[in-house]
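Taken from TrEMBL, the feature domain 'Radical SAM core' applies to 117-286. The [4Fe-4S] cluster binding site annotation in TrEMBL covers 122, 126, 129.
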Ligand code: SF4
């Protein structure tokens, strides 16, 4: 006979209780991981690289820094001598915060938090950036790849975190690659997460292949006119499509160990934007048809006006009054079309389109057992 936790009951064992010494009891929650996405155990991919592969990655990282075309901005600069659009040089990365973080998806933050490293700077210029105090300003401290590696080890040993979560690292991929290789030699043994806007180049992702275990890409907007106006990038959508396909080719669909902690795969995020739900629906359809119907998707509802959105500015225009011209000025709200929260019906329409397209693995609470779907 089994008890409610699936263990043999005392009665079934038919041994008087006073003769048994029980190990400390740790109840196991039923978290219902589909067997196709359940891992017995996991060894991070960087631990599988040979020393020859590791040396090749080091050389490639230095070569990219000498002529940087690492992201779609294609600056072509020698970062040892100058900086490109991201304003970050070659020898270090600027870091704003390093800490165990409990604001991520349950399968990422787990029980002890995700070891997050928030990089300063970004290669996009989203006008609504929800993280703009970090991403748009060059605040923080400069860390070499070796110093970064020491922090990963501290997060692992002292923070007891489940993973190293590299947030907005697109513009410092060579430094990040070097840091992972150094940390592996120092004893790192937890998965690496690459938490990206998806404005990555294929060259950059090639450098990361074998070093990253979990890709956490955003797919932000669908129309070029929107990416031009709101992200200040013309070619965002094409770049994101190419990048997400490559990420999925490298690590596949999101898989977990039996404790419900994600270890390998792609976790796709889409932040639903006010009035842009039609773009969200297109993104869901494209993902289902071109990446995988088993893709693990987080449809996010936490958009709020931030950064430049909703700021007031005075606009002056020349106006003709009969024979004379004069200046007329009025106050305008910047990006007024997204200066509000997202409505439930907008979220629902993106969710419905995702289901209709065949996606079924969503990061949301299962109403039947209050656990998160895995
Ligand atoms: S990573 Fe920086 S320097 Fe390199 S191409 Fe992108 S913006 Fe330019």
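Note: Cβ is positioned from N, Cα and C throughout, glycine not excepted.
Counting every protein chain shown, 24 other Cβ atoms lie within 10 Å of the Cβ of residue 122 ([4Fe-4S] cluster binding site). Of the listed binding-site residues 126, 129, the Cβ environment within 10 Å is emptiest of other Cβ atoms at 129. Along the domain 'Radical SAM core' (117-286), the predicted structure has mean pLDDT 95.
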